[in-house]
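J.: Feature table excerpt (TrEMBL):
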- B:21-43: transmembrane segment (TRANSMEM)
- B:82-271: domain 'ABC transmembrane type-1' (DOMAIN)
- B:86-109: transmembrane segment (TRANSMEM)
- B:121-140: transmembrane segment (TRANSMEM)
- B:146-164: transmembrane segment (TRANSMEM)
- B:203-225: transmembrane segment (TRANSMEM)
- B:245-267: transmembrane segment (TRANSMEM)
Amino acid sequence: MSGTARPPAIDVRGLSLSYRDRRTHERRRVLDGVDLTLEAGTTHALVGQSGSGKSTLALAVTGLLPGNAAVEAGTIALQGKVPSRRELVVARRHVLGFVPQDPLSSLDPLQRVGRQLASLLRSRDRSLSRAAAKQRAVELLDQVEIERSAEKYDSYPHQLSGGQLQRVLIAMAISGDPDVLIADEPTSALDVTVQKVILDLLLRLRSSLGLAMLLITHDLALAGERSDAITVLEHGVVRDSGPTTDVLAAPSAAYTRRLLADVPALAPDRFRETGASSPVCERAGDDDPILTVRGLTKSYHDAAGGPNRVLRGVDLTVRRGSTHAIVGESGSGKTTIARILASLTPYDTGEVRFDGAPAAGGGIPIAGPRRLQLISQNPLAVLDPRMTVRQLLEEPLLIHTELTRRERRAEVTALLDRLDLPAELSGRRPKELSGGQRQRVAVGRAIVLAPEVLVLDEPTSALDVSVQANIVELLMDLKARHGLTYVFISHDLGLVRQVSDTVTVLSRGQVVESGLTHEVLARPTHHYTRTLVDSIPGLPHTTRKVLR
Amino acid sequence: MVLDETAGTVRRTHRLRNADPLLVLAVLVLAVIAVFVVAPGAVSPHDPLSAVGQSLQPPSGRFLFGTDYLGRDIFSRVVYGTRTTLLGSLVAVTCGLVVGSVLGLVAAYFGGVVDVVVGRLVDVLLSIPGLLLSMVIVVALGFGTLNAAVAVGASSVALFARLMRSEVLTVRELGFVESSRHIGASTTRILLRHILPNSYSSVLSLVVLQFGASILWISSLSFLGYGAPPPQPEWGLLIAEGRDYIVSSPWLVVLPGAVIVAMVLSITKVSRTVRRRYES
């Protein structure tokens with residue numbers, strides 16, 4: 001750590017802030033006496049769940065709060081000085097750099113990325129000529145390690161991958177030669193392996209440019225691996241703060257301890273202890289398979305007309321009563337497999353057997369809705385917004401059973417109880433529920449017909465760690481109670497290690513490795529699996545290549 | 001979440017107290033018109049069909065809107081005409097809504113040949129000016145209030161079908177439709193329980209707009225002589241009859257016209273408010 005004589009890059013003292021509801025005009029406190037000190041040249045992680053006020057804090061620092069926000073108390077000093085409104089505008093140009101969460105929505109889709117970068121440069125420095133701005137923009141793209149930067153300068157946002165877009169935004173953030181970088185969940189929209197690469201890049205830039213970085217994240221494991229100091233925020237109140245190693249080794253707040261326990265990567269054996277995985281499952285899944293997939297292929301026609309081969313001969317065997325994980329990055333074909341198993345997408349060649357019987361094809365489902373159900377990543381999308389929770393849970397019963405109205409009501413009430421949803425939610429619509437509650441309703445719709453197999457397509461990736469832990473707990477509990485078989489699709493190897501018995505690693509539509517989860521993850525033989533394993537943040541044997 | 005809910009009720013009472021004065025006015029206008037429809041006899045001071053005073057009297061305490069060329073009370077005729085006109089618009093909008101929505105729904109959901117056939121049909125309907133089309137239909141069906149209403153309805157089918165189709169095209173791609181199919185819901189169930197409720201909100205707001213437009217159209221048809229036969233009181237007909245005296249007795253045209261304008265504006269205002277609340 002250099003320059004201890006320098007004043008802290010950001011010094012927030014006793015910040016209290018509230019939002020006024022635009023309709024009721026009531027004030028809602030979002031930050032309550034928050035202290036945070038970002039020392040120059042260090043990385044400080046700000047950790048909290050959604051709604052904890054962490055993004056609001058970032059907005060407050062940059063002076064970009066919405067009009068209905070009011071600072072009630074406290075000060076925010078930048079480099080030892082509380083800036084005036086005017087100074088803050090200058091600071092945004094030359095002192096602060098901001099990396100947003102969702103790279104795609106932060107760029108104009110109709111402008112070439114290089115031009116967006118160049119026009120940003122010219123808006124800062126009017127004397128810069130077009131040619132010079134372009135040259136500087138390409139340099140910046142080089143600096144954020146975009147390959148063939150001169151070529152990528154002329155790309156539109158949709159032509160770049162998520163990782164490349166995030167690099168462009170990082171280039172924008174450092175274009176003003178800032179002293180402080182604020183990264184608001186810079187990688188949560190990205191794949192794990194890309195996440196790792198982007199974080200490496202950010203930390204490398206941080207040290208080479210001598211920046212201070214405020215890293216906002218909900219992932220405590222990631223924060224633990226990448227930061228010097230950490231502040232844990234819950235409901236706008238600081239629960240824990242201090243040097244990262246101290247906070248993680250001996251968290252003083254109960255909240256931090258719970259967060260730590262909820263991170264799958266930090267508690268690999270959480271569900272083993274609860275008996276989710278019985279000793280029987282320690283065998284490979286060859287005997288008594290409920291699902292067998294052989295040589296499955298599928299291609300889509302892409303815009304250019306050529307076939308885009310999504311699956312290239314996939315083999316899978318899922319043993320009855322086990323949890324089989326399918327792991328891979330986006331684009332590896334995971335979701336396509338889930339959709340094929342759920343008979344939502346036809347496949348080209350290969351064979352899918354459910355419970356011994358080969359699929360008939362020709363639009364006949366591989367397994368009927370009473371035997372196999374799909375749970376998808378985004379519960380809000382799959383729940384009809386016009387229906388109440390009760391109607392949503394009742395619908396499968398209405399379609400498939402002859403139950404009377406009264407019996408259906410009783411069934412739904414019992415189901416709500418099993419899902420751990422309070423009965424008073426039954427009149428709510430999906431929009432009025434929290435993310436976790438929505439996913440519970442989606443799970444309820446899937447299990448109300450008592451299927452044998454659940455295909456879970458990233459069931460928790462849209463949720464906060466603690467909520468994720470709750471949902472996973474519910475799923476494991478349901479599995480134990482009803483003897484379900486799970487096909488668990490995820491990109492989160494930490495979670496997969498927690499819940500699954502067997503695993504198939506998928507890369508570009510091909511199986512690169514499969515076997516018992518603990519064996520595959522402990523001794524990955526394929527380099528792709530190794531990359532995936534290495535990108536689990538906070539894993540004990542991960543080499544901590546943190547550049548400090 | 002629970003907090004949000006209580007905030008919601010607080011918000012509602014809060015809103016009632018300082019409601020938009022224009023909205024209050026619009027609701028009042030509609031209430032008065034509702035009385036016209038339900039009990040015209042109770043409101044109108046005179047018999048709408050017989051001469052009750054001298055002809056072409058200007059508005060006065062006795063004759064609120066004045067009298068026409070036969071000495072009939074215009075106000076009473078407006079009151080009695082409300083039912084005919086509104087019933088006509090209701091029929092027109094219902095025709096357009098039902099036929100148009102079904103066409104749009106079916107075209108968008110099934111796609112392919114169905115979509116092409118419906119699409120061309122709609123194109124043909126849209127290519128003919130609405131009023132002309134109504135006139136052609138009403139001539140074919142024969143004159144009369146109901147026929148005029150059906151004619152107006154038929155010419156708005158295309159509008160409803162288009163809107164419904166575009167809404168359904170969006171909705172049918174949404175996750176919950178697929179999810180219901182995955183759960184095993186039948187096509188009818190998906191169409192009626194999932195797609196229709198999620199696509200009709202903008203169609204419903206068109207209904208209100210179209211209701212206002214239908215009043216004008218039916219009035220236009222009556223004005224041209226295709227609608228209700230005289231001496232039956234009907235709003236458009238009233239204006240048509242007054243046209244000859246527009247210079248000497250402008251109230252014959254202006255006052256019934258003002259009623260039509262007030263009615264259409266009120267409906268639009270109320271519908272817009274309802275829609276906004278519904279959406280938020």
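Glycine too: its Cβ is placed from the backbone N, Cα and C atoms.
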J.: Per the 3+ Cβ pairs under 8 Å rule, pairs at least 6 apart in sequence, do the transmembrane segment (B:21-43) and the transmembrane segment (B:245-267) touch?
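T.: Counting Cβ pairs under 8 Å, at least 3, so yes.
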J.: Let me check one thing: do the transmembrane segment (B:146-164) and the transmembrane segment (B:86-109) come into contact, meaning three or more Cβ pairs under 8 Å with sequence separation of at least 6?
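T.: Answer yes, regions in contact.
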J.: For the transmembrane segment (B:86-109), which partner among B:121-140, B:203-225, B:245-267 gives the most CB pairs under 8 Å?
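T.: Comparing B:121-140, B:203-225, B:245-267: B:203-225 has the most Cβ pairs near the transmembrane segment (B:86-109).
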J.: Given a Cβ distance threshold of under 8 angstroms, which distant residues of the chain, six or more beyond its ends, lie next to the transmembrane segment (B:121-140)?
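T.: For the transmembrane segment (B:121-140), the list is 103, 147-148, 150-152, 154-159, 161-162, 217, 220-221, 224, 226-227.
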